[in-house]
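Student: Heads up, here are the entries from Swiss-Prot:
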- N6, R17, G214, G235, Q236: 3-amino-2-oxopropyl phosphate binding site (BINDING)
- D8, H9, R44, H49, T99: 1-deoxy-D-xylulose 5-phosphate binding site (BINDING)
- H42: active site, proton acceptor (ACT_SITE)
- E69: active site, proton acceptor (ACT_SITE)
- E150: site 'Transition state stabilizer' (SITE)
- H213: active site, proton donor (ACT_SITE)
Amino acid sequence: MLLGVNIDHIAVLREARKVADPDPLDALGICKRARADQITIHLREDRRHMHDMDAKNIIELSALPVNLECATEPSMIDIACRLRPHRVTLVPEKREEVTTEGGLAVTGEQTRLQEAIKRLQEKEIEVSLFIDPASDAVKASSDLGVEWIEFHTGKYANIYAMLYSNLSKTHHSIPELKLPRSVLKKMLEEELESLSALSAEARVLGLKVAAGHGLNYHNVQAVAQIEEIEELNIGQSIIARSVYTGLEQAILDMKSLL
C-alpha cells in the first residue's frame, strides 16, 4: 500500500499567523526519510493554505512524486500544465467549505473534465479524479480515459468517528449521523463493502485506485485491507500527530498500519 502524505496543513499552520514559518518545503526530506511514497498538495483557488510559490518549489524540489490536487477551472489547469507534477487529481471546490466535501460530479461535468484531462495528458501528467464511491462515477471516470480515481472516504470516516470517538459529544457532532450504534455499525459495514466492490469494478475497467479524506490512525486499517486500493492520501491526521511526535515518527506510525 502506497502512502501519499498531504502536507497542506503545514501551510494551514503558517497561514494562521500570516507569517513565513513553518514552510511546507521543509517537510520534503522528512517525508522521504520516513518512506512516504508521494507528496500530495492542494492548490485551492482561494489560496487559503498552499500558494503558487509553494506548489512551484515543492514540485521542482521534491525527490518524491508530487500529486497536485486542483479544481477544473482553466486557470488552475494552466498552472498545473506549467508546473507539470507527476499527477494531478481533479477535485471539486466550494469557497465556503472547510475541506473538500464530496467527489466530482463526473457525470454532469464531462465537457469541462474532458478539456482539462486532455490538456494535462498532453503534458504527460497522470490524471486522477476525486470521486464519491458510486458505480456511475467509476464508469464515467473510465470513459474519460484517466489513469487513476481516488475515492472520497469522508462518509466512512464520519460514520466511524460518530461510532468510535467522542465526536457525537462535541460541537462538531454530525446531526444526520446521531443514530443508534447498531445503525451506525451497519452503515459502516455497508460503506466498506461498497468501497471494496467499487474498487474491484474500477480495476476491471483498468483504473488504478486511491482513497483518501478523513483517514486517520484509528480508521485506516479497514480501508488499507481492501486489496484493489493501491494508495492512500492522508494529511490532517499525520500533521496533527506530528505536533507531539515529530513528522518523521508520525509518518512511520501511519506506514506501520498499512
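FYI, residue positions are counted from 1 along the chain as it appears here.
Note: Cβ is positioned from N, Cα and C throughout, glycine not excepted.
If you look at the structure here, what lies around each of the features I listed?
Tutor: Under the three-state DSSP scheme, G214 (3-amino-2-oxopropyl phosphate binding site) falls in the coil class.
Around H49 (1-deoxy-D-xylulose 5-phosphate binding site), the same-chain residues six or more apart in sequence whose CB sits under 8 Å from its CB are D8, H9, A11, V12, R14, E15, H42, listed in sequence order.
In the three-state DSSP scheme, H42 (active site, proton acceptor) falls into the strand class.
In the three-state DSSP scheme, E69 (active site, proton acceptor) is classed as strand.
Less than 8 angstroms from the CB of E150 (site 'Transition state stabilizer') sit T89, S128, L129, F130, I131, V209, A210, A211, G212, N233, each of them six or more residues away in the same chain.
Of all Cβ atoms in the protein chains displayed, 25 besides its own lie within 10 Å of the Cβ of H213 (active site, proton donor).
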Student: What's the CA-CA gap between E69 (active site, proton acceptor) and R44 (1-deoxy-D-xylulose 5-phosphate binding site) in angstrom, rounded?
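Tutor: Taking the Cα atoms only, E69 (active site, proton acceptor) lies 8 Å from R44 (1-deoxy-D-xylulose 5-phosphate binding site).
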Student: State, in Å as a whole number, the widest CA to CA span among the 3-amino-2-oxopropyl phosphate-binding residues N6, R17, G214, G235, Q236 given in the record.
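Tutor: Across N6, R17, G214, G235, Q236, the widest Cα separation comes out at 25 Å.
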Student: When you tally the Cβ atoms that lie within 10 Å of each candidate's Cβ, which of the recorded positions (H9, R17, H42, R44) has the highest tally?
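Tutor: Compared across H9, R17, H42, R44, the most Cβ atoms within 10 Å surround H42.
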Student: In sequence order, what residues of the same chain, 6+ apart, have a Cβ less than 8 Å from the Cβ of G235 (3-amino-2-oxopropyl phosphate binding site)?
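Tutor: In sequence order, V5, N6, I7, D8, H9, T40 meet the Cβ cut-off.
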